[in-house]
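Working notes, structure below.
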């Protein structure tokens, strides 16, 4: 009797395992189980992509408004601005007169802003609740300098002096504040001048998209950098735009109804993702229970533990990917609803959440494509080659970092692509892919013959090593994994303990009665050549 109970439990476990490793269509044919998760994932792809496209179009308007205002500010407040930045700074001056003219020009433009600007701009309050323009200068505490006699006496302590010029002060005779002692600059002690002010604006272009407009606060700063004391003062313009909730919006028309429709759509996306999250979590919990039953049975019958590879078969990594994407979509949708209702303004975080979730959703489609042999080859090759590729990249990365540090310290002063570690890494990565090679060779300054010769040796050795050797080995690793998978598909995959257990039958009579089509529907079972067209993965 005990033996019969053991056989019944074994057959029940085997049937449960077979059913677990079936694909959705086979589960429907076997037990008429409707593939809710598959249908839900297809619906979610459509919903999430539509949501992302709508938010992307809205976010483009926000970014465009910020960039266009920054460009307008540079033309308004920087004297002689050409329309394009000089390197990483906006423009530069070379004489004392030009420096004074640039400072006074920015101040006068701030005073006359309402009569000059084409945008919907107004004055903003500073930190001390004043509508004013703040000018600060940094300089060495004291000192004397006589370059002709090579004499220098400087106290390296830095002092910061500031002055506030409100609209009332600027409305008076300009000579009153221009002749102030504050603007008597001693350029040999001067380090930096900062002109900071706040402006407010309203983005009306969103009305054309049937969205509520955003209110912006622009924290602007003009920096005159004289720290190098090289005879050239670099002028930087920084503008930090923050979106704030508009205090009093009265807009007639259909915008309010459109906003409500969008909020309802976002709420429906959240409901869909919650349902997907619950179903996938339930599947993982049931899989863990099934694995526990199998491990216990295997240990009792065969007196040994199941290998780690078979244990990992029970954890469907696609479900984990779906759960992560659902969590990101729910978080991003909630944040998007708050942005739409003008309660929050963090567009960047919302873009990252929705963009990453949509990426994972579309990557998850590969799971269903993997039920077909042609697409299954790609997935199996990626799975087989990934560990080898990661180990290879770890070794190649050490060489890459060595070239990065070497190029930065040697070529940095002579080549704009090697000025900092970030640009060096990007430049070398472009060279590995064969991009912009001639320009990298040609732009090296020939001020030092030794450095020029070193640059040739450096670039030729890096390109030869990475393109002809490392990149070729990288491709060979993936090709080798692909060839291995193709051979397995032709000759059969190595059978594991789990697969051998699924093939077994408790009696000859049952094996004869069992339908071959049922056995061939097992997703994880590695088949012979005659069953190549049915090879699937879970």
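Using the three backbone atoms N, Cα and C, a Cβ is placed for every residue, glycine included.
Nobody curates TrEMBL annotations by hand; they come from automatic prediction.
As annotated by TrEMBL, domain 'Mucolipin extracytosolic' applies to 62-247.
According to TrEMBL, the domain 'Polycystin cation channel PKD1/PKD2' annotation covers 348-485.
According to TrEMBL, the feature transmembrane segment maps to 261-288 (among others). Through the fold, the transmembrane segment (261-288) approaches residues 20, 36-37, 40-41, 43-44, 47-48, 50-51, 54, 314-316, 319-320, 322-323, 326-327, 329-330, 333-334, 336-337, 340-341 of its own chain, all at least 6 residues removed from its boundaries and within a Cβ separation under 8 Å.
Residues or ranges marked as transmembrane segment by TrEMBL: 318-335 (among others). A Cβ distance under 8 Å defines the sequence-distant neighbours of the transmembrane segment (318-335), meaning residues of its chain 6+ beyond its ends; these are 41, 44, 48, 51, 266-267, 269-270, 273-274, 276-277, 280-281, 283-284, 344, 346, 349-350, 353-354, 356-358, 360-361, 363-364, 367.
What TrEMBL lists as transmembrane segment is 347-369 (among others).
Under the heading transmembrane segment, TrEMBL lists 389-411 (among others).
Residues annotated as transmembrane segment in TrEMBL: 457-478 (among others).
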In this predicted model, the domain 'Polycystin cation channel PKD1/PKD2' (348-485) has a mean pLDDT of 87
Could you tell me how many residues in the domain 'Polycystin cation channel PKD1/PKD2' (348-485) are helical, how many are strand and how many are coil under DSSP? 120 helix, 0 strand, 18 coil
Beyond the flanks of the transmembrane segment (389-411) by 6 or more, those residues with Cβ under 8 Å of it: 418, 420-421, 424-425, 427-428, 444, 451, 454-455, 458, 462, 465-466, 470, 473-474, 477-478
